[in-house]
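Take a look at the structure below.
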Amino acid sequence: MGNKLFVLDLGEIRVDENFIIANSTFVTPQKPTVSSRLIDIPVSAYLIQCTDATVLYDTGCHPECMGTNGRWPAQSQLNAPYIGASECNLPERLRQLGLSPDDISTVVLSHLHNDHAGCVEYFGKSRLIAHEDEFATAVRYFATGDHSSPYIVKDIEAWLATPRNWDLVGRDERERELAPGVNLLNFGTGHASGMLGLAVRLEKQPGFLLVSDACYTATNYGPPARRAGVLHDTIGYDRTVSHIRQYAESRSLTVLFGHDREQFASLIKSTDGFYE
């Protein structure tokens, strides 16, 4: 039995396009009043069913992230609001597949921002894989009560309220096999302090390279590559995009970007089928 990959649609976030593609719009003496553009970008997770493991890549936003008593700070809700019906939250998407969080053996967290690690608290029985530098960054924001970043203090408080099986990837560990045909990749610093990807081999096609926000869209990917508007480390980001290209092309893998509207619309969603 080969691997199966399910694409989970977890709603959307509405953002200024400049967040995704740096300098998408800018004023000039000839055009002094150019307006920014709002776009809706997909929030996603990926479920890989293997012979002896069930691996989840990312967890989306917390179902209660928005509203007066929402997890997200008011400014985050204003700047980049989450949009999604109840069927788009992660526990519900798993239920639609006949699964619960307890059925997931391993959760790989590409990074710990609000739209990727919002549902960590549901996975009390799973191994949670995160980059050690990313974990340290998230905990620092929590410990200092800093609400100014995409690391959500209320989410992190819930993660740390009970013991969990954290597996932190060190800076020097470049790649690790999680299951036959499923490899964890350490992209290092770039969009965030520590980014992780997942290479998934399939039987009926070469497979996919899941890169999350290490590269937002095909426009960022290029060539020529274009930087995102939200970056922790520009040099690390450039290096990561180059590494992603080399890795994917040498293995004939299709890169699945973090927030590409056109690409995501073209994918088979978990409600309609899977890739194998």
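In case you wondered, yes, glycine gets a Cβ from its N, Cα and C as well.
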Which of ASP155, ASP167, ASP172, ASP213 belongs with HIS116, HIS259 in the Zn(2+) 2 site listed by Swiss-Prot: ASP213
From HIS191, HIS243, the one annotated by Swiss-Prot with HIS111, HIS113, ASP213 for Zn(2+) 1: HIS191
Length of the line joining the Cα atoms of HIS111 (Zn(2+) 1 binding site) and HIS259 (Zn(2+) 2 binding site), in Å: 14
Around the Cβ of ASP213 (Zn(2+) 1 binding site), the count of other Cβ atoms that are within 10 Å: 26
Surrounding CB atoms that lie within 10 Å of the CB of HIS259 (Zn(2+) 2 binding site), all protein chains: 25
Additional residues surrounding Zn(2+) 2, by Cβ distance to the HIS116, ASP213, HIS259 centre under 8 Å: VAL43, ASP58, SER110, HIS111, HIS113, ASP115, HIS191, SER212, TYR216, GLY258
